[in-house]
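Copied over from Swiss-Prot:
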| type | residues | note |
| --- | --- | --- |
| REGION | 18-78 | region 'Disordered' |
| COMPBIAS | 19-29 | compositional bias 'Acidic residues' |
| COMPBIAS | 31-51 | compositional bias 'Basic and acidic residues' |
| REGION | 169-191 | region 'Disordered' |
| DOMAIN | 214-492 | domain 'Protein kinase' |
| BINDING | 220, 221, 222, 223, 224, 225, 226, 227, 228, 243 | ATP binding site |
| MOTIF | 317-331 | motif 'Nuclear export signal' |
| ACT_SITE | 341 | active site, proton acceptor |
| BINDING | 346, 382 | Mg(2+) binding site |
| COILED | 495-521 | coiled coil |
| REGION | 521-565 | region 'Disordered' |
| COMPBIAS | 553-565 | compositional bias 'Polar residues' |
């Protein structure tokens, strides 16, 4: 019986129909190799007959056996044939069984068991690293997720440039990963890839924070962009003003507009003449801002009540309002921002709550802490139109208080636009009629003419208001100048006069001390010259004897006086 017939019968038993031609050739090569190494050719026929009835080998029990066997088959056919297998001890010269196993592992036959096929794919590849902590730590996929999530962080446009660069600068601690090392040069573009993202404003499926944390008391205001509610926080029991945007976020531009006020509040921080900001979040596609509650309402409400009763704010109160709002504007302008919507409805009043403990007199005598003792505080609120002085993106406010240069899109003197609006606000608080929104009367005011005020104001105060609405913004006083104006702070003028007198007295004292030192130096120098002249005379030897003798005489009088007769 030849080799080909034996090989065909073995293939029929294994039902190996997909790789017949390949198995024939390989089987024949294996027999030729085996015959070359055999030392007893006489037994070949008997062994061939026994190979006809060789049963299939036992199934592989583990992935380890498959991988081990495959590694052996990959070395060389000779090594595979010469390796003794425990399942073939009775048939040491049977080549078909290991060859069939290699076919099961290497050929994707329709009759190949799926388990063996999948195991062969695994074993044919390189060693898979363990999914331990080290593998997870250095895989780039989670790091890509971190970079993606960091792109969802909003960049506050009002943050100072130096602080923003420091904030965006990487500290290099995460640069152990290869992908991040390659992406290192693009770190400077982080800011460009961090716009206001819509997902930053969206809440996940969770209970309403507004309903969970706050108890709504009443509605206290309605504006163009939102409604304000008086609420009590359930946790601390304090009262807050919660502002909810009227319109939902329909697009990215509306989101930026809604975030504008949050950005401004966050950068400004806390100031006694700016409404305090606590937190903000998005809920049901609406922006919600938690602010300080001002128990006195708005200045517009107070003006309306005065108009109904026929009263007006008197000049001392008007000066107080102007001074406090000027201090708030000074702080905003010094932070590199402008409000651009100063008007009575955006100025809020806080009445000081009476304390059970008496106020220590020393605490209110300091001029620098005068606002701590004020019974009424005036604060600037509604920062929805705030923009940067250096990079303005102007959103026009109320046209009744709008400066002409803003209408002409001249943004070179933006802080002076707030001064213009503040001057008209004080005029309205003084009793002026409702301001025009357009027309000849509107332009009449922009020419530097105050509206009619029913009460008599002092000349200096009236002129100050006129300067605040001067047609040329450069001629208007700054917020810092208003804060130190003697018209608004007479006591500050007296203090300055006293300070000047003190400085003059200090100068006089310093002059006298200098003259005294010069006189002392002249006297000492004269004494030194006198001593030098006496020691330099021609009869120096005689004078020396006399001086010595004189000294000796004096000493003898003290020493020998008692013993002399």
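For all residues, glycine too, the Cβ spot is worked out from N, Cα and C.
Quantities reported herein were computed from a predicted structural model and do not represent experimental measurements.
Overlay of Swiss-Prot annotations on the structure.
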residue	record	Cβ contacts under 8 Å, 6 or more apart
220	ATP binding site	228, 229, 230, 241, 297
222	ATP binding site	228
224	ATP binding site	246
226	ATP binding site	243, 244, 245, 246, 287, 289
341	active site, proton acceptor	382, 384, 385, 397, 398, 401, 421
346	Mg(2+) binding site	298, 339, 380, 381, 382
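The number of other Cβ atoms within 10 Å of the Cβ belonging to residue 382 (Mg(2+) binding site), over all protein chains shown, comes to 26.
Counted with DSSP, the motif 'Nuclear export signal' (317-331) comes out as 15 helix, 0 strand, 0 coil. Residue 346 (Mg(2+) binding site) falls within a helix when secondary structure is assigned with DSSP. Summarising the environment of residue 228 (ATP binding site), the number of other Cβ atoms within 10 Å of its Cβ, over all protein chains shown, is 20. Following the DSSP three-state reduction, the secondary structure of residue 222 (ATP binding site) is strand. Looking at the residues that bind ATP per the record, 220, 221, 222, 223, 224, 225, 226, 227, 228, 243, the two CA atoms farthest apart are separated by 14 Å.
DSSP assigns residue 228 (ATP binding site) to a strand in the three-state reduction. Close to the recorded ATP site, the chain also has 244, 246: residues not among 220, 221, 222, 223, 224, 225, 226, 227, 228, 243 whose Cβ is within 8 Å of the site's Cβ mean position. When averaged over the domain 'Protein kinase' (214-492), pLDDT in the model lands at 89.
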